[in-house]
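*Asks:* Sharing the record's features from TrEMBL:
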type     : residues         : note
ACT_SITE : Y129             : active site, proton donor
BINDING  : R182, N437, N481 : (S)-malate binding site
BINDING  : E272, D273, D296 : divalent metal cation binding site
DOMAIN   : 106-287          : domain 'Malic enzyme N-terminal'
DOMAIN   : 297-550          : domain 'Malic enzyme NAD-binding'
Amino acid sequence: MAGSTERINNGVVTGGVEDAYGEDRATEDQPVTPWAVCIASGHSLLRDPRHNKGLSFTEKERDAHYLRGLLPPVVLSQDLQEKRLLQNVRQFEVPLQRYMALMDLQERNERLFYKLLIDNVEELLPVVYTPTVGEACQKYGSIFRRPQGLYISLKEKGRILEVLRNWPEKSIQVIVVTDGERILGLGDLGCQGMGIPVGKLALYTALGGVRPSACLPITIDVGTNNEDLLKDEFYIGLKQRRATGQEYSELLDEFMTAVRQNYGQKVLVQFEDFANHNAFTLLEKYRENHLVFNDDIQGTAAVVLAGLIASLKSVGGTLADHTFLFFGAGEAGTGIAELVALEISRQAKVSVEEARKKIWLVDSKGLIVTSRNDTLQPFKKRYAHEHEPVKDLLGAVKAIRPTALIGSAGVGRSFTKEVIEAMSSINERPIILALSNPTSQSECTAEQAYTWSQGRAIFGSGSPFDPVKYNDKLFVPAQANNAYIFPGFGLGVVISEAVRVTDDMVLAAAEGLADQVTPEHIDKGLIYPPFSIIRKISASIAARVAAKAYDLGLASQLPRPKDLVKYAESCMYTPVYRSYR
């Protein structure tokens, strides 16, 4: 047997059952017969998703671990299991049913789940993440089966370190945390936002190769202002309105302190789907003393900047030669704008203040101009330029005459036919990025962009769209998905053991992604490489990020590897079944 800590009490075998992995599977005083010990050992393999191989356990493994009879007699390869599971998933016509089937698989056979996702990433990415994860979060209370992450609520204030220590894994490298206030374009979903950290970390493993055991999804529950959830008998979170001000700040301070105390200073904390008024504040507050990253601000900015850099391979010139108009001035829009300004500053060797003059923003009240300064939030003021007030997007396009129009306002179908025709009259190849998620919130569809621009638009979107045929030419829409950036970025931070995240590291990630776009991709209208090679892309981005961390003296993994791309690839988790003795 793999191992046991047995003792004899009055003729009865008692003791903890220690399986092949050194994990105690029974309480110390639980009476167990030798037969029960064997069954416990077999069950521990079948019930532990990390070690379960299902019907792939060999004849020798079944005998060694007392699995004989607990499984049907057939032995299937992992590839055949994958083929069967893919067929099963495809039978579901409703995306949410596919999502639930994949989550069930993850909970019972971790390696098969990741192999299925890696090998079929283009097909399954929209299922495990946007847009399906949005619906999953909306219905999370109804579909909840078992906890997939750690829940920290106001009830745990003063005890957060204790709660973190309840998590069974002790070696954590990446934490994705949300407070559920701004889930995708769906608003405040409170505790049900847990689907986002769970989905993000699944992609950290599948696309970036970070070990699943090193990933920790966390939801911080401070209440919700969603009246429907407060009245929902199946809602799984605190039924109270959101805590704000000092109470909120103190809880987040305790959380960040506890994370550092429990896991050290080299665990990456990724903030996810916090509302604007907290997202910027938290990033600025903690970035100097903690290893933090906000995917909505920095990740979105990096993937969009990469798309803009790649677009120049078609339209020509440098970033400094173009004018950018953003529809949306929240955390995503201003985060993208700031990274674009930083890149212009670096390339053109001008100040960031000078670079910002190439960038204009439109919010719900119109074009952001200096005459509005008294009513603007601080992060918007830096983009308030001298200009007459303009109330709507179409007017702003005609007045500013931008090269690129970038939507991040979460206002569906706001890029009207008139707006895109105006962009097309100004530019031979207008850059149209409709970034809002989910699909219903997209500023325009791919078909609308290509049709209204007479096939001349360089189009990218936040949600996936099918290829479009226009005038006998097939256009393949590019998806500006953050999944291009954050898995590789996180891997780069992990392998270099960086102690801080800087803007230069984010720029390095964006440039690394843009470099993966080939002339062949551009010919097809793509400004991002295909997801089919995402792990190769992630390794390249990880190497760029790690190199920058070393250059800045922020890496603590020494000595520096000679070939960072090969080193990144060697560190990536692969979900092939192990052999058990």
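Keep in mind that glycine also has a Cβ here, set from the backbone N, Cα and C atoms.
Nobody curates TrEMBL annotations by hand; they come from automatic prediction.
Provide an account of the burial state, proximal residues and distances for the features listed.
*Replies:* If you draw a 10 Å sphere around the CB of Y129 (active site, proton donor), it holds 24 other CB atoms from the protein chains shown.
Within the same chain, residues at least six positions away from R182 ((S)-malate binding site) with a Cβ under 8 Å of its Cβ are D188, D273, F274, A275, N276, A279.
The Cβ of D296 (divalent metal cation binding site) has 25 other Cβ atoms within 10 Å, all protein chains considered.
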*Asks:* I'd like the number of other C-beta atoms within 10 A of the C-beta of E272 (divalent metal cation binding site), please.
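*Replies:* E272 (divalent metal cation binding site) is surrounded by 29 other Cβ atoms within 10 Å.
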*Asks:* Across the listed (S)-malate-binding residues, R182, N437, N481, what is the farthest Cα to Cα distance, given in whole Å?
*Replies:* 18
*Asks:* Summarise the model confidence on the domain 'Malic enzyme N-terminal' (106-287) as a single mean pLDDT, whole number.
*Replies:* 95
*Asks:* Applying the rule Cβ within 8 Å of the centroid of the Cβ atoms of E272, D273, D296, what extra residues of the same chain belong around the divalent metal cation site?
*Replies:* T178, R182, I183, I196, F271, F274, A279, N294, D295
*Asks:* Have a look around D273 (divalent metal cation binding site) and count the other CB atoms within 10 A of its CB, chains all included.
*Replies:* 26
*Asks:* Could you tell me the C-alpha distance between N481 ((S)-malate binding site) and D296 (divalent metal cation binding site) in angstrom, no decimals?
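*Replies:* One finds 11 Å between the Cα atoms of these residues.
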